[in-house]
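Here is the structure we will look at, set down as structure tokens.
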């Protein structure tokens, strides 16, 4: 027998060796035949291989076992997870085996393991699903071959359309020849040509109903079915039920206010108008404010609004039900309900809302729960398999009951169950048969509990166990179509052929119907048709098309020829070779034209035409050829495989913690194949990263400048090429200032304390270390905040000690290592009661501002120490030690001036605080003084002793204390330089002073000029100023050492001498007696002998004769008086210039031998120029050849081979000869090109034809046969050759 095989590029069905031939044939729906494999089992086997690949996928790159040690942690985890996948695959096989019909002669497969409880990761499910979808699709026939129609696109079964748009009912199909289409409506032929509004798209069966020219869409509602037909059969679409969306208006109604007792349950019914599809319901007030919902007030699934118990605040708004319709995008609003709540406590005190016993505080009686929906203690509910099950329990009671859900005899399915509507609803998604049973909800409060039982029955619309697939057979082959479905109740199966019931079709002796299976034996070309299987029950139906096609086709390749496949080293790789043929072709693979078939070892060949290389190595690179052969012929294709190095991130970004405002660098260094283009991109929190002006992306790093809180998150570096990628992730934690505390609350209110509680803000990854509590008062300094206290970061509540009579307002600032948060919003104000002051003002002073007054000042008390209104101060004073009565005055400010006081008299001073609640404590006594007057006496008996040329010692008699008339601050000496003892020397007579603090009889005046006349006076000083001056004293300072000479200059006019010049010292400090010059020669670190020269006081120049032209000199110059040498100044001679070399050159130029050498060179150059001129005037032909090292042959023409003639007719040399540079005559055959004179290189010419490069001397052919070397010559060598 022969059988057609269709191979898909994604790995379509093929044949592989099966462990049991009879069981395999049973699965395929055939009679027991030679070993074959079902499409489903083949899918599992191929998926088994692909899952192995997926299991070690490390991002985008397959890792072979040999690379396990190099695999990342993610790859290892995934490989470990992949070990659980065998149970997944075996469970898939088990389900297929359970659905497979058992026929006589079919053997059962061995037992298989149950699926492991541990769920594989989601990416594994995706890999399996993609694998199954790609390998279990219907067998495809190339479109250039004849085939029956196949429906490729159709509208959904329940097709709801917008009445404002044109109606579109889709139906598309493929086939060869292209199918034609027609429709039925309500099971009757729909004649499109008779209705001008209806048209069919070109090359498609899609219906378009156009209402632009009028018409009602409702007239076209009904059930439509599409038929696609060609000469090989007819395919059918589903029965499409067309409905027009409806959004009816709400009926007009007048709603009376709803009167309800506080604490009673209430249901506000919505009753929305029936729409298609059903509208979305939500409740709002008439002013379009959403209704706040919680476990007490919530909306049910039916749209009603339920109050478990009504509270007085519920009547602060009205309640309107709104319906939003999907297609029209309109919202319709019902008239609003108004509530009137009857209560025993008419005061709606908002402070009672959070009261722990709110209901009893409002006088509402507590009661046990009761169910508002559903009614009673039991109910039932039916749900279809695959849909969502929604169970709802809404209960009333005081306090509001809590709802809990349970399933009788088991647990709720944790992976599918979730709670909604404040636990009042239980939703179970994707319901299956095991979700049936009894569920109950338990409503409880402190008064008791009640429960409601819901019996859940799961029914099922038909679902496929074995959907019929297209059957492609070769002539004479057997096959079967299987249509197996399940449901609850059990669905019935109806077969049709080409859209007609199978019972009314012409009889076919090769076809046998056995329930849900059609068996074909010895099929022929005439057996081609499209079969429909319709399986249905009361909950729905399934319709499937499957054609039977009989073909006889030689092998053909389905993929493009000579493909280039680039793969990554060490991967497991598959080379696809999709082919088609009937009978089934035999496929073989070859590498680089070698005769041996590739199979086994590192290679594995699948029956679908794919060659798997288990681990790619460098030597696997090459050209692979696949050859498909059957009895009708053969076909082949080639694939060129290139092996590339993998992309790897060898230095990954690391987790970092950074403070806000700093700079962060995330490294990402990549190694990749140089022939592939590398792209490095970054993600932040798994989304593409926008590189703003604060970021800098480089090839190997990402730098973030001025890190902010929004930069925190996970950063992923993705290094990708066309073939693979690698990624690495790091998390950046930004330490920022904490968020502000919030929700400040004052409790435990007392006269002198209050408890402040706050909710901490986010610490932004840096723990809060402190909380600073600040306060503001609105009496003394409104708007100014003061620190009150500081608390550890672990607390959020503190008792604050308060002062009387302060209208406090508090705020809190959080502090961490990064900084302080913004202040919280202020708390509400709290005013404490008043009290007498508990303290008196500080920093009390008494000082005179004039000689006959005393000003008393103090620091005023702040708001927290005033303790009451009308804060004032009682000021008392009296003279010290007189024991006179106290003088007193009440002052509202912070100063008071006492007048008519004696000069500098001590006073006792007291300042006491007082407010309307009383006086403060008795104040302390402070000593103050009245104002000072100028001193009346001067120091006497002033004596001066000269200490040295710049300092004197003073001694005087102190003044009497009563003459000071104040506090004695210091004795002060005023002195000035009267003149210098040197003639014609101008001096400054500016007065200077020296202070001697305290009551002392002696002192020292320093920093005087030597050899000068001075005058001096002394005074006594108090707080008011200077007293009278003492007698003027004169003194003379002795001679001293002079200052340094000015403008010391060193000049070097030549190599023999050095000139020195200087000016006299600015301060001679005496009579100059001369200058001392010390100098020493040095060369590097070597020092010569020091020489000392003494000069007269009038000499300011000196010349030093150098001992050698190389050494430098260091000069030290000072002036002298009789006392000694003064300050010295040091200079060095400049570095010698390169004059030695110049002088030597000049000396050489005067030598006779040098003159003779230069003349000889000039003569040789002249001879060379003459020879070159003669050579040029004779001319020659210089053939230009590019990239050739051989001379021109005798047969080469001289005028046609690209040569250039530089001679004229009058100066041509003799025919057949040419003069060479060495004076010999060359033969005609050797007169070819200057290339022969080079070292085998190319001849090059300037624009004027002159030769560029080296000239070489070439001997005659006979002379050079034994010696291939040639000597490059300079112009001098060329001249030597003429000798």
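Placement of Cβ uses the backbone N, Cα and C atoms for every residue, glycine included.
Please treat TrEMBL annotations as automatic predictions, because they have not gone through curation.
If you look up TrEMBL, you'll see 1-21 marked as compositional bias 'Low complexity'. Residues annotated as compositional bias 'Basic and acidic residues' in TrEMBL: 1026-1036. The feature domain 'Fibronectin type-III' is assigned by TrEMBL to 740-835, 840-933, 938-1040, 1044-1140. Annotation source TrEMBL lists region 'Disordered' at 1-32, 820-848, 1025-1044, 1184-1283. The annotation transmembrane segment is assigned in TrEMBL to 1153-1174.
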### the domain 'Fibronectin type-III' (840-933): DSSP-derived helix, strand, coil residue counts
4 helix, 47 strand, 43 coil
### Cβ contacts under 8 Å made by the compositional bias 'Basic and acidic residues' (1026-1036) with residues that lie 6+ beyond its boundaries
934-940, 942, 944, 946, 952, 956, 959, 963-964, 972, 974, 978, 981, 1012-1020
### Query
In the domain 'Fibronectin type-III' (1044-1140), how many residues does DSSP call helix, how many strand, and how many coil?
2 helix, 49 strand, 46 coil
### Query
In this predicted model, what is the average pLDDT of the domain 'Fibronectin type-III' (740-835)?
93
### Message
Please count the residues of the domain 'Fibronectin type-III' (938-1040) that DSSP assigns to helix (H, G, I), strand (E, B) and coil.
### Response
3 helix, 55 strand, 45 coil
### Task
Taking helix as H, G and I and strand as E and B in DSSP, count the residues of the domain 'Fibronectin type-III' (740-835) in helix, strand and coil.
0 helix, 44 strand, 52 coil
